[in-house]
Each structure stands twice: as structure tokens, then as C-alpha cells.
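S.K.: Below you'll find the structure I mean.
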Amino acid sequence: MVHLTDAEKATVSGLWGKVNADNVGAEALGRLLVVYPWTQRYFSKFGDLSSASAIMGNPQVKAHGKKVINAFNDGLKHLDNLKGTFAHLSELHCDKLHVDPENFRLLGNMIVIVLGHHLGKEFTPCAQAAFQKVVAGVASALAHKYH
């Protein structure tokens, strides 16, 4: 559960509606793979991940980024039940994919960075704080199965 004020909820909802979510997802996942190269081990089937330009242009990275951001978007619709919303994905990433749960936090930070880049001056410190709460809640929900 994420505790947002009414103003924070309005900020998150309003700003989220201004971005192309698919682009945010693709760029955030790409940045994760570039900035934290050890995360690439989970994506060995994605082909060429040899350089930043290869990663950012990789169609499989873009497609998976879209999938990731669609799940994030679902979370935005269920902020009061993130654990329930992400229960299946938490189980999948824990039991089958064996993803280090710290990566969820790192990806959340990449989403915030990309939002800041795309929204510019509209992404105020208060907006960033609201989105940080959301991505922290999503990361916690995704890591729930690990506890």
C-alpha cells in the first residue's frame, strides 16, 4: 500500500497522463541495463546488449520495457492493493526467474529519472517525491514473495 495525499495522487495521475508510457518503459529498462550491467544476466535471450546504443535500440528491450510499464500502469490503478496486484509477478520473479529483488528498486529509480527527463520543469521536487513513493511501493510489492 502506498500512502499518498490527495494532492500527490492528483500529481501522479496528471503527470502520468502526459507521457508516452511505452517510451518511458523502454527507456527505463534500457537505462537499467546500461547503468547496472549485471542486470543483463536476466536478459541473455535479448541478443546484442554489448553497448549502450545496442541496448537502447534493441527491439526486445523495448518490447519488455513496454510490458514492464504496462504492469506499472496497473499498479497506478491499484495503489491501495499493490501486493495483490503484483502477487503473480512477485511469485514469477522469485520462484522461476530468481531475480534479485534489489533490481525492482533500481528499475523504479530509472522510471523516476526517465519521467524527469520527459517532463522537464513539470517534474517538480514534489512530483518526484510522489513518484518515489509509488515506485518504492511497487518494488516492495514485487519483492513481497521473497520475504
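Every residue, even glycine, has its Cβ placed from backbone N, Cα and C.
Pulled these from Swiss-Prot:
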type    : residues     : note
BINDING : His64, His93 : heme b binding site
DOMAIN  : 3-147        : domain 'Globin'
MOD_RES : Val2         : N-acetylvaline
MOD_RES : Lys18        : N6-succinyllysine
MOD_RES : Thr124       : phosphothreonine
S.K.: Name the residues of the same chain, 6+ apart in sequence, whose Cβ is under 8 Å from the Cβ of Val2 (N-acetylvaline)?
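M.R.: Counting only residues 6 or more apart in sequence, the Cβ neighbours of Val2 (N-acetylvaline) under 8 Å are Leu79, Asp80, Leu82, Lys133, Val134, Ala136, Gly137.
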S.K.: Looking only at Lys18, His64, the recorded positions on record, which one has the least crowded Cβ, with the fewest other Cβ atoms within 10 Å?
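M.R.: Comparing Cβ neighbour counts within 10 Å for the recorded positions Lys18, His64 gives Lys18.
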S.K.: Do me a favour and check the Cα-Cα span between His64 (heme b binding site) and the residue listed as 'N6-succinyllysine'; whole Å is fine.
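M.R.: Here the two Cα atoms lie 21 Å apart.
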S.K.: For Thr124 (phosphothreonine), list the number of other Cβ atoms lying within 10 Å of its Cβ atom.
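M.R.: Here the count is 13.
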S.K.: How many whole Å apart are the CA atoms of the residue listed as 'phosphothreonine' and the residue listed as 'N6-succinyllysine'?
M.R.: 14
S.K.: Indicate whether His64 (heme b binding site) is helix, strand or coil by DSSP.
M.R.: helix
S.K.: Could you break down the residues of the domain 'Globin' (3-147) into DSSP helix, strand and coil, giving a count for each?
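M.R.: Across the domain 'Globin' (3-147), the residues distribute as 121 helix, 0 strand, 24 coil.
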